[in-house]
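Visitor: Sharing the record's features from Swiss-Prot:
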- Cys42-Cys78: disulfide bond (DISULFID)
- Cys56-Cys75: disulfide bond (DISULFID)
- Cys64-Cys96: disulfide bond (DISULFID)
- 36-97: domain 'Kazal-like' (DOMAIN)
- 1-26: signal peptide (SIGNAL)
Amino acid sequence: MTRRGCWPHRIIFSLILLTWTHVTLAALIRSHTFSNWPKPPCKMYYPIDPDYEANCPDVIALVCATNGLNYKNECFFCIDRWEFGPHIEFVKYGKCE
């Protein structure tokens, strides 16, 4: 019996292992700074009708604003900004410190 039959399995295993290692190390080494992210696209969340009740998604992606509040996500931040005025400004994604 020859050992040629196991070569495809070794090659596939090696390729999967190398890919997994590369992706894992890249994720660990790369810095995750939120300061490079763009500001929330608030125009997308502004209601067309003044009587419209906002229906923001139930997703937790914290947004910090200049009023010191942590908003659950950018939709809640944008709706608050629309209701209370442009003096509420975006600071960063993530929790306020």
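Cβ atoms here come from the backbone N, Cα and C positions, even for glycine.
Can you walk me through where each of these features ends up in the structure?
Guide: Just so you know, the Cβ of Cys78 (disulfide bond) picks up 23 other Cβ atoms within 10 Å once every protein chain is counted.
If you draw a 10 Å sphere around the CB of Cys75 (disulfide bond), it holds 20 other CB atoms from the protein chains shown.
Long-range Cβ neighbours of Cys64 (disulfide bond) (same chain, at least 6 residues apart, Cβ-Cβ under 8 Å): Asn70, Tyr71, Phe90, Val91, Lys92, Tyr93, Gly94, Lys95, Cys96, Glu97. Annotation note: Cys64 (disulfide bond) sits in a strand segment as assigned by DSSP.
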Visitor: Average the per-residue pLDDT over the domain 'Kazal-like' (36-97) and send me the rounded value.
Guide: 89
Visitor: Three-state secondary structure of Cys75 (disulfide bond) from DSSP?
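Guide: Assignment for Cys75 (disulfide bond) reads helix.
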Visitor: Give the helix, strand or coil assignment DSSP yields for Cys96 (disulfide bond).
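Guide: Going by the DSSP assignment, Cys96 (disulfide bond) belongs to neither helix nor strand, so it counts as coil.
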Visitor: Starting from the Cβ of Cys42 (disulfide bond), draw a 10 Å sphere and report how many other Cβ atoms land inside it.
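Guide: Counting Cβ neighbours of Cys42 (disulfide bond) within 10 Å gives 16.
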